[in-house]
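Student: I grabbed these lines from TrEMBL:
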TRANSMEM  B:44-63  transmembrane segment
TRANSMEM  B:75-95  transmembrane segment
TRANSMEM  B:122-150  transmembrane segment
TRANSMEM  B:162-186  transmembrane segment
TRANSMEM  B:193-213  transmembrane segment
TRANSMEM  B:239-259  transmembrane segment
């Protein structure tokens, strides 16, 4: 459970995060989506008490993060996979945290295996790691204390397609076991594939939030017939929104309704299909177009 | 790398239960901070260099000093210079590396009470100083035996405890100064240069500007530490002068550092 309540962060006169509120529920993966510089990382750092909000507050598992005792057992955090001491080995980095959390001896090896790092890779200094290996190490660190909540900033960044598929499975099973996952990304397809809920942010403000199904569902039908004008008139007469397109009719009516109306009107359909789902991509670009980096640069 | 989709392996329920709810004990925090000071390449090499410098000094004494001066106390003393100069740098790095290597992102996500983490760094750096000091005693003893056997040395086992205690106290103060400078400046190179240069510049200034001679007796650690390191009888004024200089050179940067790191945004 994560609750962000009116989080606002001001750097001088610049509002980096502006009145951001959302909830992440157990059993669900929440995708935190926005272009670079939208304020995702700042929000996530505020959730973990690493950055103090100017106003507003946030709760993790019902408590402010700062009040969690031994939080590694409750919240797995990966905010920047590159933020590792380059002179430490991956295994040592995990062992230090395991000692701090007082985890049993075999836990580090178990988790190293789980994220798919070889023993040899784990024993190398993190300076030599590729970004993908750093992400796996960071994820291992987040999972180490067997937490109920995961907060992951761009965890799929630097992973190859197989790695992304692997991570999707891992987060899915974590959520299915009752865990709460918040992951950010600026890559739409990653989130589209992984998230149950979406929070879309641009220029520090929340632009949309809700279940992915709900945000992605675009009702409607595209249809071609031998009498497009007649069909258009019948649809409007039946109380549906409808427009003529270059080669047919676009309407808010369902496929079934369009079929029935055409049958009743004796109109021959030659093509009938649901309007293509918008896809998160268009939603994303629509919503962030005026809020993206272009404007910031101007 | 394999593709796994199995659920994350859960901890045994018994293990979960044994994990205390009321936070990480300070002693464990100190142990972990101690480990972090010596498990990096930089930390390890600093310790190795301290060992080499001490060995060099002790061998020099062993081979060149008159046999009558080859005692446990003298050999231990000769070997103590390395840590006095170099061990505070481990203190500096303990404080700065969290920020320069950005491990603060993970450290403070595991223990959000930052001042507690910083105090554990301070305590563990002191413990490391005492461990190194003890090892020096052992090395001094070994060399004393070698002195007896090969150079017909005096070989006295009488330890000059005031000198040793003074050296240990001086080491603790300097290590604390290293941690304090690290916390206040949060950059390894800047903190190391400041730690090494500022007190020296101050000492040089006091030598050239006669008006500073009197304040220096209260405010120059190099001056105020001298009596205790020589094992001399320290007067009440001497202790007051030491306390004043420690407050300025250790206490002040430590407070600035604790205040700064407690509120700083971690990025």
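Cβ atoms are placed via backbone N, Cα and C, with glycine included.
Automated prediction, rather than curation, is the source of TrEMBL annotations.
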Student: Using Cβ atoms and a strict cutoff of less than 8 Å, what residues sit near the transmembrane segment (B:193-213) while being 6 or more residues removed from its termini?
Tutor: 88-89, 92, 177-178, 181, 185, 219-223, 249
Student: Considering only Cβ pairs under 8 Å, which range in B:44-63, B:162-186, B:239-259 makes the most contacts with the transmembrane segment (B:75-95)?
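Tutor: Stretch with maximum Cβ contacts: B:162-186.
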Student: Give the nonlocal contacts of the transmembrane segment (B:162-186) in its own chain as ranges (CB under 8 Å, at least six residues past its ends).
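Tutor: Sequence-distant neighbours of the transmembrane segment (B:162-186): 73, 76-77, 80, 83-84, 87-96, 99-100, 118, 121-122, 125-126, 128-130, 132-133, 137, 194-195, 221, 225, 227-232, 246, 249-254, 256-258, 260-261, 264.
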